[in-house]
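Listed features, source TrEMBL:
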type: COMPBIAS; residues: 39-56; note: compositional bias 'Polar residues'
type: REGION; residues: 39-66; note: region 'Disordered'
type: TRANSMEM; residues: 121-153; note: transmembrane segment
type: DOMAIN; residues: 216-462; note: domain 'Sulfotransferase'
type: ACT_SITE; residues: Lys223; note: active site, for sulfotransferase activity
type: BINDING; residues: Arg328, Ser336; note: 3'-phosphoadenylyl sulfate binding site
Amino acid sequence: MQRHLGTGQQPVQDASQMHIGPSGLCLVREEQQLQLSTLEPVNTLRHSATGSTGSGQHYPLSPTSSVGTPTATVSVVPVAAAAPDIEAPAAADQQQQQQQQQQQQQLVAHPITKRTASWKFVNYCIIPLALPLMAAWWLLALLLAAAATFSIWPSLLLARRLYWACPFIPCIWAKLAREQGAAAAWLLRLQFEGAHCMTVLGRLLSLPLRPHLPAFYILGFPKCGTTSLASYLRAHPGISGISGMPGHEAFGKESHFFGGMLGRGAASSATLYRSFFPTVMTRWWAEVVRGVPRWLCFDACPTYACLPYVAARAKALTPNAKLVVMVRDPAVGVFSAETMLRNMGVDLPWSLTTPLAHGTDAAGHSSDPRFQFPADADEFWQRLQRLGPDEPLPEDMPQRFYTHMHSYLMAGRFADRLQPWLDAFDPDNLLLVDYKQFVAQPEATVRQVLTFVGADTSRYRFKQQAARMVGQYKGARMHPEVAGWLHANWFADSNAAIARMLAGGKPQPEAWP
């Protein structure tokens, strides 16, 4: 089930309204509201039944389990529905209300975009006349990018920055060399680095044709179905992803801009970020030739939700962007990430497939070596939280983020990781998507996302896509003792908060496992 997070603007006057503080969240669903706040530590869930008075019932939440790391406080407070009116509305009034609701639903499903005189002049007169020039510019940019790629040094420079941001890629070449021979691995690497260089340089050289920034993000979380959702959305005639590397699934949807793909000091430039998105010609073709009411582009990078400094940078560049966040059992997500990295050839120093080593140390932490973290593990995440909007990214960030167990466990605390986004953006702009619901009802989920981002759902034709990660596990399974320990000691309170948000605030057991 998905939940759309909305805000209230008026102070509390009755049971149907709630005041939202500067760092609070109001989740509106039918007659209930939820509030997520970091103002006070909260260890209980208060639920007031409809029509009841008083403080309501209290449901204990699990204590914070992060090793030395402050946890974002989650307060989930459903509010009783307002008392009914003394006199029921007349039948005519009820019929009028139903008609108004139907009209509102039609407007949501078929958004109307007003075509102003200036819009028509630009799109029906100026752009058609300029199309030959723009097409020539675009082709020239590709030719120059190809010529620069053959000069070798731009390719080496861009590859070096890419491998810093995504340190798992060199492991792929090493694995290919072992399995297919050094010559085959070298040719594939040369092809990949050349394609990456041509893509990046071609986008930069055609930058004047690329005025767009994303209208919405698919923030994450990793291994929660973001690739599948992005693929479904790109099938809409009015939605485009990034201008990614042709033929490459990951870099065809993920910019990794805020992760430092173009360099440690280039992860906050609006100009460079614009280079990742389609040209004016793409928008013109969608809105004028294909007739969609509104063209949208998006960035789908699942690590954005995990890195605490990204929210402020995204807010500075795209203050009105919509945020789509997919969630699932974080323990399963960590194991899926481990499986993917091992299949890439990454030699991780830990695994979730072996039994748990029982016992605790003097501080009460698990004595299992996998969960004995270095002293600076929490300090690393605090550095990311303190990172300024224009500061270069830490030199050791990608390597620690992609290979250390502590980073995966911190990323799996979804409630904590969402807090910077809720502080930076209007909560009305955030939609939670349950991975289980997405798998069970993909079309309904995709249409809800389309409605949320403002796309015309009537123009969408759903086509079922093949499941991903099938056969990737090769019989490997997360050990049940490890899964149970992670749920109890790392993810319990975060899971409880997310589960209640997805369930509309009704007290229930955790959605996971």
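Glycine is no exception: its Cβ is also placed from the backbone N, Cα and C atoms.
TrEMBL labels come from automatic prediction, so no person has curated them.
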Cβ neighbour count (within 10 Å, all chains shown) around Lys223 (active site, for sulfotransferase activity): 23
Per-residue Cβ crowding (10 Å cut-off), top of binding-site residues Arg328, Ser336: Arg328
Rounded mean pLDDT for the residues that make up the domain 'Sulfotransferase' (216-462): 92
Euclidean distance between Cα atoms of Ser336 (3'-phosphoadenylyl sulfate binding site) and the residue listed as 'active site, for sulfotransferase activity', Å: 6
